[in-house]
Structures are given as structure tokens and as C-alpha cells.
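The structure under discussion appears below in the form of C-alpha cells.
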Amino acid sequence: MGHRGDPYRVRENTLPSVRSARERGADAVEIDVRLTRDGVPVLLHDSSLKRLWNQDRRLAELTHAEVRELTHDGVPTLREALLPVDGRAGDAGRLMIDLPGADAASVRTVIGTVRECGAAERVYYCAGPDTMLAVRAADPAAEIAMTWTTLAPPRPALLAAVRPRWLNYRFGLVSRELADRDHREGLLVSAWTADTRRSMRRLIARGVDSITTNRIDVLSGVLARPAKAPAGSPRSSGVPGGPGVPGGPRVPGKTRGF
């Protein structure tokens, strides 16, 4: 999965960055979505325009028209990311929408936009438990990748309320034991943000189902040259015999699991 698109080549969270990630082999692209002052969902990770656009202005204080003016139309709307532009399909396909700083009202706005664009089947949502509870309340059918930042498993009551399909971990937390535990519970495992070949190969060996990276071309190369499987085990670029990988149960909507 491309992290905010293809940020080492093209400015993150822009339509060209999303397209670049797809052109280099991404099965899905993670984007960050926040709301402008007048309630327009746009692609931006930070709460201000300073880091990416050299404008020391907070997004929540700006209308969409002001954002367009300050960034010369550089910050796309969520709607633009979900719909093809000028007949191009570069922005179609799987998107993981991260919701930094979202409250229940902004979650409802984002989900409403996804529905209006007819994109519910190719979008899933990522953030911590509180935000994912808001997503589940707004859309009982939403696909969820709940970010989890500890080795201790989520409480059963939380899993029952959120009903995530994925648990999303910082890559350094993932062990084979953790991945096996989550798979036994019927959960898929995603990891972020791995940028070296060594860390990518380690995650694959540990059985993750998705890797988020800033270097999608490097990950594509690693997957094209999988490590030799141990003697007696099935060849696989993920969990041997596990979900989302060759030899395991088919995961709807995914072709490779990475």
C-alpha cells in the first residue's frame, strides 16, 4: 500500500502522488482526510498547510476556496480522489482513508461523500479505536483497519463493537506470534510504515497481509523476488496458508494482500 501516495517521488496526498503509487504497483493507497472550515473533505495529513505548502494556516480556519487559492489547487478534495478526472482512472481502486483528528460529525461527512461517489466497496477506514467506533456507527457495513499501538490484544468488547477486518500496527510491533494470534481471531494484519527491503522481507516472513510504505517501487520489487520458502512449507509471499495469500482463503477485494 502506498503511504499517502508515492511521497518520495511526488508530494504526498495529491492526485499525482496517488496515480504514481498505482503506476508503481500499489494494490491500495492510503490517504489522509480532514475537513475545511466549510465542511469539505480534503486530502491533508497535518492540521495546517505549513509543512507541505509553506502556508502557516490551519486547515480548520480556512474555507475550501481559500485552500485552493493558497495551494494553487494542490490540495485535492476527497471527491476528486474518488472519481476519475477527465476520464482517467488513476484515482480509482482501493483507498484506505485515514482520519486524523476526526470527530463523529466529520466522520459522517466523509462517509457521506464516499457513498455519494459510489465508492463504498473500494474504500476502507483507518484510525484509532474512538474514531473507528464513529465509523462503525455511521456505516454498519464499512471495512475498518483499526490502528493498534500495543502488543496486548484489543479487548473482546472493543472488537465486537468496532468489528474491524484489519488490525493496523506500527511495523516494529509485528511478530510471527502476533500475526498468528490475529489470524486465529479472523483478523487481517497490516503494518506501517516499512521503507527498507530488510523490514519488508521481515514483515512478509512474519505473515502480514498488507504493508504500507513510502517506497512502493521497492516493495513491488521485493514481492517480485520472494524469499525462498523453508523446506516443507508452501511458497507464499505472506502467511503460508493464511488469508489473502496464495494457498489460503481468498480475501474479497484484494488480489495480493500487499
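Even glycines carry a Cβ here, placed using N, Cα and C.
According to TrEMBL, the feature region 'Disordered' maps to 1-21 (among others). Here the region 'Disordered' (1-21) has long-range neighbours at 27-32, 43-45, 52, 74-76, 80-81, 85, 88, 90-91, 95-96, 190, 192-193, 210-216, 258, meaning same-chain residues at least 6 beyond its ends whose C-beta is under 8 angstroms from one of its own.
According to TrEMBL, the feature domain 'GP-PDE' maps to 1-223.
Under the heading compositional bias 'Basic and acidic residues', TrEMBL lists 1-12.
Feature annotation from TrEMBL assigns region 'Disordered' to 227-258 (among others).
Summarising the annotation, TrEMBL assigns compositional bias 'Low complexity' to 229-238.
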(message) On average, what pLDDT score does this prediction assign to the domain 'GP-PDE' (1-223)?
(response) 96
